């Protein structure tokens, strides 16, 4: 009987192990699903919507077949590991060269992905094919959208994208994006976009009973071995000699006197003997098998049960929060954009090339750089402006928006070079196809204490210059500060609005400094100061304490004219280089651009002063008085 039990356990063991392995091999379903699309479109752009990319869970593997005759070919097999895709060069110049070369190549492929808002914004009015997921037919469907533009530029190198790839002939790539992200692909922008592609998703083919069956099989195998050993031991005990030779009688021995021996504690609780011992031993294999089976079921794949918590119940019944607009860029995008910006400006500074600088600068920042380049071209002793730090991105505050133009505020520094002060940068993207360009480059004050701002993932609202949510309107802040610089405490009505401590700009170009300049002018000449708002609009960003960061731009004009006949006005340095003269009988005018950054307190603290956090001041123009 014991051998029969062992045999049965062995059969159960081999059956369990075999079924467990078969569940993972022979009986296993396909571990991936592939949807293929073959288009017949002349549109230069194809957009794969986020709903199509997320038709199934898991990472998305795309295989794209390039070529103007793509409709003839077959859909390539996705190759996530041996992908021919190579990350595209982030250099805009390189992307332009690639775009020009691909105009004669019918098998060029460019694929990029970003938020759906940004992708559709970049497509604009161009004809394109939109690929979505049809829930009813459970398949990808393509719709051709006719636009007013039949060609598009190369998307490679744009600041909008999370990632970009280039290839020739065939392109394979693997991404893992949410439903809010779409993918865009083109050939060369003139020819039709790639006509054939496939998307592959992994499937969860794990069997919840494979592991329990395998573990149960091994448990039965162990019990079978124990039963076999038990049977062999029992058979050995039952066997004995069949014949015994008779022996002669032995002499009786005198019994020894008994001695008292203490009974050990272990012998009092010893194992029972006889039938009860056999029954208890027989129960052990069954108990062991039950324990192993229960443990196997407990650790099986996909067999987890979770009870709903009170927090989950409460959240499910709560009203949905109002959805905020998306942020202009992510922190990672901002770091990449700032890196490109710094590299381009550094190259432009070295070559004193204003056209190159205009690729990444605009507004007040570009005006200051171009004036410096012009002065350096005339006078070799004029030094270059401070470079943009590249060591660390300390803060990124993007605008909450899904339209253009859009802006981003950032602070960069160089921890390894203490001589380079931290720099506040305002990035502006005019349209979806434009690059981000820095309109303001503001050096922070040494003791500037920035207020707390929302994280980059949340962004902030950019308020109007006349917003009523601050104790003083942002436009009034810049105008009042201009009066403080020009008229001082006696003449500026808004003098008390600002904190004087830590304001080093006043010591450089404030009212007292202007009076010193007037006193230093000889009696044969006169100096006059004026200021006004610049062309740049006031930028206002809300902070976590309901205050705001306010950025403004103003220009100050300094005019020196002779007051006596025959007297001349002398100029030197940058002023002479830009004016083109070192002395003039008519006079010389110099215009300085001043970029300023303020912190304006909240309505809860209306008596707190407005604080100057940073500024950049420099010569932007000079000429002889006409």
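Quick reminder: no glycine exception, Cβ is built from N, Cα and C everywhere.
TrEMBL lists region 'Disordered' for one of the ranges 75-101, 102-128, 129-155, namely 75-101. Of the given residue ranges 235-257, 258-280, 281-303, TrEMBL assigns the label transmembrane segment to 281-303. When pLDDT is averaged over the domain 'DUF8094' (328-623), the result is 94.
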